[in-house]
Amino acid sequence: MAKKLKKRASAVSYDEPIVGDEVKQSIFAIVLVAVGAILFLAFFGMAGAFGDMIDSWLSTFLGAARIAVPILFFLVGANVVLHDRQLITFRSFAMAVLFIFSLNGILNLLFARDPADAAAVAQAGGLVGNITSDLLAGAMGGIGAFIIAAACLLMSVVLLFGISVKSLIRVPLSATGILALARRGKSDDEEDELTFEERRKLEEAKAEAGDEEDIEEETIEEDDEEEAEAPVKKGPVFAGKTEQIMTSRERRTIEIPLELLDDKSSEARSGDLDRGQEVIVKTLHQFGIECEVAEVRVGPTVTQYALKPPTGVKLARIVALQNDLALALAAHPIRIEAPIPGKSLVGIEVPNQTIGKVCLRELLESKEFKHRKSSFAVPVGKDITGSTQMLSVERAPHMLVAGATGSGKSVCLNDIIISLLYQNGPDDLKFIMVDPKRVELSVYAGIPHLLIPPIVKADEAINALKWAVREMERRLDYLSKFGAKDIDSYNAKSKERMPRIVIVIDELADLMSQNKRDVEAVIVRIAQMARAAGIHLILATQRPSVDVITGTIKANIPTRLAFAVASQVDSKTILDISGAEKLLGRGDMLMSTPELSKPKRAQGAYVSEAEIERVVDFLKEEGEPEYNHQITEGASGAGGVMLDPSNSDALLEDAINIAIDAGKVSTSFLQRRMKIGYSRAARIVDLMQELGVVGEADGAKPREVLVSEWPPAGTQDDVRDMPDVQEDDEDVAEEDDEVENDQDHASQENDDRFV
């Protein structure tokens with residue numbers, strides 16, 4: 001009995017908090033700096049007898065290069081503290097050794113010509129330098145040895161501190177330069193240490209200077225000459241003569257600093273792992289199942305005990321003992337994954353005593369995110385192994401997020417939005433946000449990525465979805481005429497980029513309760529066809545019932561994130577299998593994608609309201625949004641534009657007058673002359689084509705202007721498919737008949753529902 005009590009006491013002591021990685025790194029850095037300080041003082045004879053002994057030993061082996069040893073300690077310590085480097089790695093140790101050998105070899109080649117002169121060798125590179133220089137000089141001569149040693153020295157510095165040669169040259173050889181070297185070690189391509197405000201002002205000044213030069217030299221004849229030289233491409237949009245200025249204006253990049261996000265991740269506490277293994281094996285033995293624990297993996301939320309069942313044991317027997325295992329482990333709820341995908345093991349997931357906190361900044365700094373292949377890859381959380389789980393918009397074009405209130409559903413939406421904002425500028429990404437609850441997405445109002453302020457009314461949200469269908473059809477027509485398979489192919493070939501549009505709906509149930517038939521039909525239409533057009537849906541709901549998540553919606557949106565739900569029925573509604581009812585909440589989720597054979601468990605990242613506000617405030621300072629209020633006003637017909645040009649854009653009449661004066665027009669020409677964005681200029685050109693002001697697209701040439709004047713009175717704005725204006729006047733009565741027929745046709749299309 002005494003032995004059992006002692007064993008139990010030792011198990012309890014096992015649960016005491018352990019020292020975190022951040023504390024270990026801090027202690028390691030302190031030790032490095034302290035050792036470096038002692039070696040630095042010893043070099044000048046200020047460290048006492050012990051310091052003199054160390055300096056004498058270093059002088060024998062390293063010679064004058066021993067002064068680099070304390071500096072190396074300082075730099076490594078600074079790197080560990082500033083950039084959360086690992087304590088010691090094989091690469092860093094090997095590069096440090098290479099640095100010492102190459103530096104000593106260079107000193108010996110320069111200052112110790114006679115290897116027999118012990119004093120000269122000691123003053124130069126010591127024994128290490130003597131050996132290195134002898135080996136290199138004997139193989140390739142003095143000059144070749146010096147080149148090889150210098151190359152090894154630079155290579156060791158670059159790999160040891162993670163900086164480029166360009167950045168290394170810029171670092172001054174001073175105390176401030178040493179600090180800059182340590183701070184610049186995080187990125188190879190980091191620019192000079194300018195503030196973000198200074199960098200933004202510098203870019204704006206360059207852009208304004210380029211615009212002024214372009215305006216002074218701009219003529220339609222020059223446009224024709226340069227566009228004639230360019231290869232003709234089939235497409236509905238056209239690039240102007242100043243490709244660089246157009247590209248810099250269209251592809252505005254906003255570098256959001258990671259410092260705006262908190263870095264307060266916490267470690268999970270799993271409890272006594274040995275005791276957990278013993279309890280699981282003993283419980284299964286009592287029911288006649290002999291198993292052994294193959295491996296144990298501690299994740300942010302749960303600890304997974306991987307069991308290797310014997311041959312001939314049905315997995316259903318182990319799954320049936322779920323409640324018995326929960327009772328024996330005094331843990332609820334537990335989840336059994338039988339089998340683990342890709343392994344001949346059964347996983348028993350037991351909740352941790354303390355759930356680890358995963359911050360969004362940690363995911364954005366992870367190696368999985370840094371090695372992503374797309375700027376639309378979203379880190380959603382960490383799995384049991386601690387790996388960052390990524391979702392790519394290209395492979396998961398539409399997403400369904402569902403869970404009970406307080407399970408982490410809205411936080412997941414914010415993670416996705418912030419991750420996309422960090423990677424894409426306002427000309428590569430546009431948002432339409434629907435927030436019937438009025439409190440979740442309203443914080444994003446005013447960022448330059450929005451097409452419309454966050455929508456809170458159900459009728460406006462339905463109009464926005466119908467607009468998305470028309471925009472999808474318009475884009476698909478563009479891609480078809482241009483000969484591009486999808487939006488990526490189009491952007492790669494065309495000089496003018498087409499941004500992706502992400503539609504975020506925070507509460508789908510509210511829209512379905514207002515007009516289920518229209519909402520479901522439009523969502524299904526977008527989910528079926530909008531991937532190639534670059535329009536994506538992110539649907540969220542806290543009521544996962546069959547009335548909200550219908551079968552047709554699930555069939556077209558295979559990527560689903562399920563958070564904690566109340567019942568097994570709700571879990572099957574979201575994922576088609578049970579399991580979500582056993583989640584712990586607070587970001588614990590099951591992720592199902594077409595690439596996964598079974599849903600995968602992960603802990604979602606947490607982003608606070610303060611972090612979101614800091615990012616939003618930063619984006620507001622970088623630019624203002626260009627709202628298109630046609631999105632929520634409703635429209636007739638298809639094509640993505642309104643049929644009433646007088647209400648569609650305030651600059652339409654000015655654009656028509658500019659086109660008439662110039663004789664020809666293109667999207668980039670309107671951008672430069674009217675100083676507007678690509679989306680608005682393209683929309684105005686489409687409206688002018690519908691009104692018969694300009695002709696259709698003809699390769700890479702500007703559009704022909706078909707009218708000689710634009711009378712403000714007597715113009716029928718609602719005309720659609722108006723015939724081209726000829727020099728001979730047409731009969732007025734025939735025009736009136738066409739207008740009435742087109743209006744009736746447009747009204748009928750507006751009353752029809754999308755199927």
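Quick reminder: no glycine exception, Cβ is built from N, Cα and C everywhere.
Beyond its flanks by at least six residues, the transmembrane segment (27-51) meets 58, 66-67, 69-74, 76-78, 80-81, 87-88 of its own chain at Cβ-Cβ distances under 8 Å. According to TrEMBL, the transmembrane segment annotation covers 27-51 (among others).
Positions annotated as transmembrane segment by TrEMBL: 57-81 (among others).
The transmembrane segment feature in TrEMBL is assigned to 93-111 (among others).
Taking Cβ pairs closer than 8 Å, the transmembrane segment (135-161) reaches residues 75-76, 79, 91-92, 95-96, 98-99, 101-103, 105-106, 109-110, 168, 181-182, 185 in its own chain, all 6 or more past its ends. Residues annotated as transmembrane segment in TrEMBL: 135-161 (among others).
As annotated by TrEMBL, region 'Disordered' applies to 202-235 (among others).
What TrEMBL lists as compositional bias 'Acidic residues' is 210-229 (among others).
Summed and averaged per residue, pLDDT over the domain 'FtsK' (386-572) gives 90. TrEMBL lists 386-572 with the feature domain 'FtsK'.
Thr405 (ATP binding site) counts 12 other C-beta atoms within 10 Å of its own C-beta, drawing on all protein chains shown. If you look up TrEMBL, you'll see Gly403, Ala404, Thr405, Gly406, Ser407, Gly408, Lys409, Ser410 marked as ATP binding site.
Here TrEMBL flags 706-755 (among others) as region 'Disordered'.
Summarising the annotation, TrEMBL assigns compositional bias 'Acidic residues' to 724-741 (among others).
Annotation source TrEMBL lists compositional bias 'Basic and acidic residues' at 742-755.
In the three-state DSSP scheme, Lys409 (ATP binding site) is classed as helix. With a threshold of 8 Å between CB atoms, the same-chain residues lying at least 6 positions outside the transmembrane segment (93-111) that come near it are 62-65, 68-69, 72, 76, 120-121, 123-126, 128-130, 132-133, 136-137, 142, 145-146, 149-150, 152-153, 155-157, 159-160. Long-range neighbours of Lys409 (ATP binding site) (same chain, six or more residues apart, CB within less than 8 Å of its CB): Val401, Ala402, Gly403, Ala540, Gln542, Phe563. Just so you know, the Cβ of Ala404 (ATP binding site) picks up 20 other Cβ atoms within 10 Å once every protein chain is counted. Taking the Cβ of Gly406 (ATP binding site) as reference, residues of its chain lying under 8 Å away and at least six apart in sequence are, in sequence order, Gly585, Arg586. Shown in sequence order, Gln542, Phe563, Ala564, Gly585 are the same-chain residues outside Gly403, Ala404, Thr405, Gly406, Ser407, Gly408, Lys409, Ser410 whose Cβ sits within 8 Å of the Cβ centre of the ATP site. Following the DSSP three-state reduction, the secondary structure of Gly403 (ATP binding site) is coil.
Of the listed binding-site residues, namely Ser407, Ser410, the sparsest Cβ surroundings within 10 Å are found at Ser410.
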